[in-house]
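Copied from TrEMBL, the annotated features are:
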TRANSMEM  129-146  transmembrane segment
TRANSMEM  158-179  transmembrane segment
TRANSMEM  191-209  transmembrane segment
TRANSMEM  238-259  transmembrane segment
TRANSMEM  266-287  transmembrane segment
TRANSMEM  328-348  transmembrane segment
TRANSMEM  360-378  transmembrane segment
TRANSMEM  398-416  transmembrane segment
TRANSMEM  421-438  transmembrane segment
TRANSMEM  458-484  transmembrane segment
DOMAIN    508-631  domain 'STAS'
Amino acid sequence: MGNSDYVYPDRQSPHRVAVPPPQPFFKSFKNSLKETFFPDDPLRQFKNKPPSQKLLLGLQYFLPILEWGPRYSFEFLKSDLIAGITIASLAIPQGISYAKLANLPPILGLYSSFIPPLIYAMMGSSRDLAVGTVAVASLLLGSMLGDEVNAAENPTLYLHLAFTATFFAGLLQASFGLLRLGFIIDFLSHATIVGFMAGAATVVILQQLKGVLGLEHFTHSTDIISVLRSVFSQVHEWRWESAVLGVGFLFFLLITRYFSKRRPKLFWISAMAPLTSVILGSLLVYLTHAENHGVQVIGNLKKGLNPPSFGDFVFTSSYLSTAVKTGMVTGIIALAEGIAVGRSFAMFKHYNIDGNKEMVAIGTMNIVGSCFSCYLTTGPFSRSAVNFNAGCKTAMSNVVMAIAVMFTLLFLTPLFHYTPIVVLSAIIMAAMLGLIDYEAAIHLWKVDKFDFVVCMGAYLGVVFASVEIGLVIAVAISVLRLLLFIARPRTFVLGNIPNSTIYRNVEQYPTTNSVPGILILEIDAPIYFANASYLRERISRWIDEEEDRLKSAGETSLQYVILNMSAVGNIDTSAISMFEEVKKTTDRRGIKLVLANPGAEVMKKLNKSKLVEMIGEEWIYLTVGEAVEACHYKLHTCKPDSSNEETQQWNNV
């Protein structure tokens, strides 16, 4: 960067920065609330509509089926029928597997694939989300409830707590949507979710060694040390028959997934593989009587539809806190996964989903589900991907899936008696391997090292401590980064791009020229109490460094400091105090403070605080170019203020 090529523009009359007209407090407060809670302006569609039309639009908002239902066609039905049957073939074995993962009776996995999908089909805005239980939430539910109640010793209380936790999870989810608090979910960053999901998947895979090796006693802890200690301390109890079956079916599931990825049109092979494994495993056990040789089986599954459970909620003080805490944590995780999956597939099909509406739909289906023997459900990625690839057109595919599960509950549950536990373990392991997204972690490392640290913090926390601790670590690191962004905003020096009036960061554009006697700084964030002191010190340091550079180079002394305020969206009273102190500091050093392009909110507060008068309206400009032009003009046509001369003489002494 140099100053030899700097060309001064012709002197023109500068534009004045306007102070926005005052607004009533109530109107300003109303606008702030609207931007915070209603950025998508959901009430826009109700404007200038008759009452009957408003009622219909209101019903369609909460029940989207009333919007797309009248337009439903036979062509859509054919596509949804195929997709629904396909995801049902995946939902049945996965539901049974994930219920075991949560230490719940296997039949609850089927119950949870019947009622919630029906609710979501009416209230959900995603066409592709396939509703059901998920491994991570199941693991989290089992881990948190297991810390308080042993599922083997007190299964009834454990089951009732699971229903109660699901109820509170749904209540929280629906409340987030109704109160427009969806932005809270955004604190779970992409890096956090990648690391958390990978860590949870690793833990789930390790826990499935119990089923693969045919172990009857296993640790309730989820950390890798406890799991491996439990596995290798029982080497004498390993069942080779179970291990052979587990490895064989896992290999089969992974091979079918590989072929489906290579040829997307063969997606149905991977989708049918879990149910095929259950059928083949059950036949093998039945024909060889493998249950008598160390291969554990599911046993009897109760026939019939979901029994009501709203009378089983546990509201006693000794267990209420456990249910509430479990519901809140698992509810947020399930909500984040469901909305992320829904948005991903909506992007592929070029339509939008309403996050707050999705929260209401997911929360309502969990509230209703908890009253009918269901535990926590959301939109799992694997099932939704199969639904998407199968060509679903609307949420009706969830209804088809629910009907298939209902038929299974009524007539087919006895057929699962001989289903080996090891097959369910293989199904879970195959599904979890897909959640370890190492490519995303590599991408984070290449693009943003701090995001990679967040990702690994979540992963290592889950794997070596617990699922809850891993989540807390990841969120804590993410919030710390957010605080650092706020408390330590970037400031940088601007230089002039040759043969233009454009000023840009000198580090990004090394060919820019400095302007003799003028230091141009840009503040890259709003100024609040959290960063006001830092910015005051940083601006002083920039001035010191610039004066030292000019002195060593023998160039013109520093006369003006221009602060480019383009990126400063707002300020508070601490920022105003900071500007007052910077103004006093520059005055003592014989330097004039100049502001460029302050926004409406900033200008309004500067005017009300009398800071405009203190700085001088003639020293506030619309652009950096105008500010530089004015400073150059006064630098070469006007003598410095006498007060500045006295200050310089005092500094020399």
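For all residues, glycine too, the Cβ spot is worked out from N, Cα and C.
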Within-chain partners of the transmembrane segment (158-179) [C-beta distance under 8 Å, separation at least 6 from its ends]:
37, 102-105, 108, 141, 144-146, 148-151, 185, 309, 312-315, 319-320, 322-324, 326-328, 330-332, 334-335, 355-371, 373-376
Residue numbers, six or more beyond the limits of the transmembrane segment (398-416), whose CB comes under 8 Å of its CB atoms:
80-81, 83-85, 87-88, 91-92, 95-96, 106-107, 110-111, 113-115, 117-118, 120-121, 124, 129-131, 278, 282, 298, 300-306
Just to be sure I understand, if DSSP states are collapsed into helix, strand and coil, how many residues of the domain 'STAS' (508-631) fall in each?
63 helix, 22 strand, 39 coil
Residues of the same chain, at least six outside the transmembrane segment (328-348), with any C-beta under 8 angstroms of its C-beta?
124-129, 134, 136-137, 140-141, 144, 165, 168-170, 172-173, 176, 182, 185, 188, 193, 196-197, 355, 358-359, 362-363, 366, 376-381, 384-385, 388, 468, 471
Dominant neighbour of the transmembrane segment (191-209) in 129-146, 238-259, 360-378, by Cβ pairs under 8 Å:
129-146
Top Cβ-contact partner of the transmembrane segment (360-378) among 129-146, 238-259, 458-484 (pairs under 8 Å):
129-146
